[in-house]
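Remarks on the structure that follows.
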Amino acid sequence: MTDDSPDWRDALEPEPEAAATVFGSQLDLARRFTENLARHGEELGLIGPLELPRLWSRHVVNSGLVAPLLRPGRVGDVGSGAGLPGIVLAIARPDVHLTLIEPMERRVAWLERQVDELELQNVDVVRARAEEAKLKGRLDQVSARAVSALRTLIPITAPLLRPGGELVLMKGGGVQGEIGAAEKAIRKYRLEDVEVLVLGEGVVEDVTRVFRARTPEA
Ligand SMILES: C[S@@+](CC[C@H](N)C(=O)[O-])C[C@H]1O[C@@H](n2cnc3c(N)ncnc32)[C@H](O)[C@@H]1O
């Protein structure tokens, strides 16, 4: 620690080179969001005390890797929490509209503050559980990260999609096992083109895995 910088800044992981690749012209906004999260995230219960040394690579860059999978349209991020990946995706893709769906009041307040402070024009925040949000059949794509296993996540996310919409769910190394356990849900929602994408190989140390699948056209 130095005398002239706050603790959070000393603990924050230095910006990795990959950040410039992932965020391009939006890097400055990504920096501002990361610094806000580093400054306030722990006291607001949004991130754990051990996350600052890996905030960029494990959370912000990792979430940003999903941005190229989004298509212009309306994307819902279920369980946005600290804004991962929802705020990060809105920063990386100003051409996409993000609807952040989060039930917890304190987290919703945080998300709304980020939208205001970063002057994001492409975000709205809905305070609700995904099952109760009035968004059934309205979204082109749905993202989520660290909300629940696919077996329970598919039944709360797939109904939000329009016919031919797409799930883009960030997952850990156990995703293949989760797919096996979610067979019934995959059948029930008639998901097609089910695949696991590995993003960021050769760009970051921690790759991002995404479960991607489509609902049938009407
Ligand atoms: C472990 S946190 C992860 C937050 C963020 N996605 C991340 O990766 O840091 C899970 C979040 O999902 C939210 N959540 C849980 N169940 C939900 C539901 N049914 N609909 C919407 N959000 C939900 C919680 O309130 C919480 O903010």
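Just so it is clear, glycine is given a Cβ too, placed from its N, Cα and C backbone atoms.
Unlike curated entries, TrEMBL annotations are predicted automatically.
Positions annotated as S-adenosyl-L-methionine binding site by TrEMBL: G79, L84, A130, E131, R145. In the three-state DSSP assignment, the secondary structure recorded for E131 (S-adenosyl-L-methionine binding site) is coil.
Sequence-distant neighbours of L84 (S-adenosyl-L-methionine binding site) (same chain, 6+ residues apart, CB-CB distance under 8 A): H59, V60, S63, R145, A146. Of all Cα pairs drawn from G79, L84, A130, E131, R145, which the record names as binding S-adenosyl-L-methionine, the longest spans 19 Å.
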